[in-house]
Structure formats: C-alpha cells, structure tokens
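Below you'll find the structure, written out as structure tokens, and then a few comments.
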Amino acid sequence: MKRVLITGASGFLGSNLRVALEKSDKKFDCIFLNSSDYDLTELSQASKMVKEHRPDVVIHLAALSGGIGANTERPADFFFENSLLVTNVFQACGSLGVKDMIYTMGGCSYPNSASSPISEGEMWEGMPQGNSSAYSVAKKMGIIAGQAYEKQYGLKTKVLVPGNLYGKYDNYNLDNSHVIPALIRKFHEAKISNSPKVNLWGTGSPIRDFVYAEDVASIIVDLIDFKHIETPMNLSSGNGISIKELSELVASVVDYKGVLEWDTSKPDGQKEKVFDVALMESWGFKCDTNLMQGLRKSYDWFSTNYEVEGAIRL
C-alpha cells in the first residue's frame, strides 16, 4: 500500500483532504502531520520527518498564509517562513529518496499584469501583486525546486495552483482570514448582535474566482496515483464574480439584512483574477460545486460549529 505523508494536515485544505482520503475508494497508508509534530522551518526536523515515516508520496500543504491585511503588515514573516518550508521539505524529500510530491501554491503568485483568465504559461511574465509579493515569491520557489530536485534526485513534483479556496474548516480569524470566511463571520456576528451595518474593505469592484475546497481535495486524491501530469496546473472554477456581488450573496446566505458599507480607503488588490482551467479540464478534472451551493455548505458548517469551543479558528 502506498504511504502518503501530508504536511499541514490540520490546516484548511489539509482538513478537507483528510476527509476526501477517508471517503475515497482508493486506499493509502496516510500520515497526517502538522506543526506540532515537526518544525519544518528546521531542515533537521524535515529530515527527521522523512526518515521516521519513509513516505512514497509527500503532499506538501504546510504554509504560513493570510489575507491582504496580514500580508501587508508582516511581509518578512511570510517570506521567511514559507521560503524555509519550501527549501527544507524539498531538500529532505529529495536527498532521502522520496519519489513523488504534490505541492500547492496560491494563485497570487501569478504576475500582477497577467491577463484574465490567467493561464499557467504566464507564471514568470512579471512580479506578483505588491501586497502579497513576499508570500507569493516564496511559494513560487516551489516550481523551481520541483524542477531542480527532479533533475538531481529524481523527485517528481506536481505543482498545483488552486484558486481562492473556501469551504469547511476555513480560518475565520479576522486578522488573517481570506474574503469568504471573513464575510461569513462578519455577517453572522452582525446578525446575532442586530448590527445595522457591516464595514467592508475597498470598493467591491475586484473580480475573483472562487473554488470549493472539497473539489480541490478530491482532485489531489486522484493525482496521488498519476504518473505524470503537466504542471503547474490551475485548479479552480474558472468563473469570476465581483467582491461586491459576492458580499451580497454571502449576506443573503447568512440572512443578514443590514447595510454593507464600503471603506474605499482600504486596498482592493488586483483588479481581476480568474483562472484558465483548460489544462485541468484536459486531464478530466472539474471543480463543479457552484458558488451558492458552496456558500450554503460553508455557512452551515460555520453556524453549527460557531459556539463549539475549539471547533473553528476564530
């Protein structure tokens, strides 16, 4: 039985991946690890992890991530920690004989100037958007690492670029959450406190492409047994929606009736970012949970667990 080691297994995508692996008809010997098991910012710890578990496949999800606010305030932290998480895990896996890796990185690593829909061929045509460039460049190193460690050590890496993930097990801490979990929490708390308005960042005009985390997790499970696939590969819905329209959708799902007030002094980020999913679809994959369905599932999970101590990252 193939032994599969997952880093960052208690994180957002990792938690969805655990569920997908447990539900899958495919059977693997899975090792789910998080930062309390090994400090992967230390090469000695990354090497210890590989030596102790001897995986056939490593799914490397561990990362320090956050929204615009966190990236703007702590760019050095995001660059330093993510650089170490890339270099140490690749070095440990390559030098100790791991044969296959699946590595995920954010769509924010694409150039700020990239056309929309963004194709994989545009990855190196410019610098990422400024607010998240420290994180983005650090994660982008995984593409080069994959090429280098395959050439020197035979470590084959599939690099996946999910769109803007949302779903169950997300991070709802308003200091470092992404847009959908932030909206869900803000509207939910405004509803239960009878607040007449909710303040939101920016103008609401940027267009984004959102993908339900369960869809991405299911594709990752299928990719474990793939011998070869052209990467990096976008994993997303391929559909765009403005942040304003999204906010109105989330408010309706939460059943919040108050006013949405936009603080235009706050940054918007990149104007439009929709992903070209032709490569993904050419391999027979789809991320087909529609946005309203996914938002309802996400809010159902959040509202069920909101008052359960330790169930949600708040």
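Even glycines carry a Cβ here, placed using N, Cα and C.
TrEMBL does not curate its annotations; it predicts them automatically.
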Subject >> TrEMBL substrate site partner of K186, W201, R208, selected from D100, D268, D276, D288 >> reply: D268
Subject >> From binding-site residues K186, W201, R208, the one whose Cα lies nearest S10 (NADP(+) binding site) >> reply: K186
**OP:** Using C-alpha positions only, work out which of the binding-site residues K186, R208, D268 is nearest to N164 (NADP(+) binding site).
**Re:** R208
Original post:
From the Cα of P162 (NADP(+) binding site) across to the Cα of C108 (site 'Important for catalytic activity'), what is the distance in angstrom?
Top reply: 10
**OP:** Note the mean pLDDT of the domain 'NAD-dependent epimerase/dehydratase' (4-225), expressed as a whole number.
**Re:** 95
Original post:
In whole Å, how far is R208 (substrate binding site) from G14 (NADP(+) binding site) when you measure between their Cα atoms?
Top reply: 23
Original post:
Among G8, A9, S10, G11, F12, L13, G14, K139, P162, G163, N164, L165, H178, which the record lists as binding NADP(+), how far apart in Å are the two most distant Cα atoms?
Top reply: 20
